[in-house]
Amino acid sequence: MDNVAEMPEEKYVEVDDFLRLAVKFYNTLGIDPYETGRKRTIWFQIYFALNMFNMVFSFYAEVATLVDRLRDNENFLESCILLSYVSFVVMGLSKIGAVMKKKPKMTALVRQLETCFPSPSAKVQEEYAVKSWLKRCHIYTKGFGGLFMIMYFAHALIPLFIYFIQRVLLHYPDAKQIMPFYQLEPWEFRDSWLFYPSYFHQSSAGYTATCGSIAGDLMIFAVVLQVIMHYERLAKVLREFKIQAHNAPNGAKEDIRKLQSLVANHIDILRLTDLMNEVFGIPLLLNFIASALLVCLVGVQLTIALSPEYFCKQMLFLISVLLEVYLLCSFSQRLIDASENVGHAAYDMDWLGSDKRFKKILIFISMRSQKPVCLKATVVLDLSMPTMSIFLGMSYKFFCAVRTMYQ
């Protein structure tokens with residue numbers, strides 16, 4: 001008999017495909033952001049505990065160094081650099097703490113995403129354009145994550161690289177051993193083998209803070225893109241809705257049945273949005289406060305004479321923070337536009353020949369769409385592109401105040 005080659009089964013997109021990169025960053029810290037049914041070993045929990053201990057220890061050492069430098073009025077620049085690092089660590093710690101505290105809510109959010117996600121069918125997933133949305137998700141998440149990792153490695157490796165060149169290649173007798181983030185430790189590390197373990201512990205703490213910040217943002221991007229996907233599909237179906245009231249005996253009832261299923265879908269998306277804001281609200285608020293302070297402090301540093309390596313590191317820092325805030329505002333604006341588009345689609349559809357009950361349901365859809373949804377930093381702030389202008393204005397005011405103090 002001839003051997004018949006089996007056709008490989010087509011792999012359909014799942015919710016995990018959107019969340020995979022964010023989950024990987026969390027896993028490198030020893031964190032499962034939501035319940036997966038996979039039982040972790042005790043070593044995974046020990047790894048998380050060691051990461052947190054190292055990060056908290058570094059945070060207190062960094063604060064102690066900052067206090068010591070603030071006592072010396074001549075070290076204003078170093079104080080600004082240290083304060084920017086402290087702000088970044090606080091942002092990373094707050095995001096890690098938020099995801100640990102909100103883990104049950106995060107699990108509920110992922111389960112809701114899985115419930116609403118298109119079924120594993122080529123026709124259904126094509127209707128939602130799932131592959132196209134996944135491609136966009138990968139572009140944003142990989143690009144953003146890559147930029148932050150470049151920023152981290154620039155801060156973590158440049159001091160060691162400079163020391164290696166001066167000591168090994170140029171044979172400078174007075175080559176200084178400089179730590180990546182702060183220069184005060186409870187032990188003496190200079191001209192000692194303790195320099196390398198100390199350097200590793202600071203670099204590891206920086207990685208934890210960076211990954212904590214990255215993972216939270218990537219999770220937000222992945223969830224928001226899926227919600228926008230659902231809104232876009234709903235608007236498309238409404239626009240292409242074919243009224244059957246005058247074309248079939250039970251056409252009016254069939255029209256109402258189909259529209260009711262779309263209304264139920266709309267309600268599910270709205271619930272998904274509410275749950276998303278409940279999970280990410282506090283991290284978004286803390287993110288904006290810390291980012292405004294970071295932009296201010298790094299901006300001040302760039303206006304002062306800096307060495308080339310410091311300038312490059314801080315420029316990467318500034319670009320990363322500004323891009324983070326811009327993307328959050330941009331995604332929220334797209335969410336606003338997509339939710340409003342549902343109301344426009346309800347008006348644009350061919351509803352003139354429909355039943356009266358059908359028209360009443362359409363009115364409710366349009367009325368609900370007049371209140372667009374967006375990312376909410378708790379009740380304090382609704383994110384949108386105008387929020388970016390507010391953020392830049394607030395950062396500039398901080399910048400002017402700090403610059404005046406320096407002068």
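The backbone N, Cα and C atoms fix where each Cβ goes, and this holds for glycine too.
Taking the topological domains listed in Swiss-Prot, VAL63 lies across the membrane from VAL263. Highest Cβ pair count under 8 Å relative to the transmembrane segment (279-300), across stretches 41-61, 80-100, 145-165, 315-331, 379-401: 80-100. In the predicted model, the topological domain 'Cytoplasmic' (1-40) has a mean pLDDT of 81. Broken down with DSSP, the topological domain 'Cytoplasmic' (332-378) shows 31 helix, 2 strand, 14 coil. If one looks beyond the transmembrane segment (145-165) by at least 6 residues along the same chain, the residues whose Cβ comes under 8 Å of a Cβ in the stretch are 21, 25, 175-181, 199, 203, 206-207, 210, 213-214, 218, 309, 312-313, 316-317, 319-320, 323.
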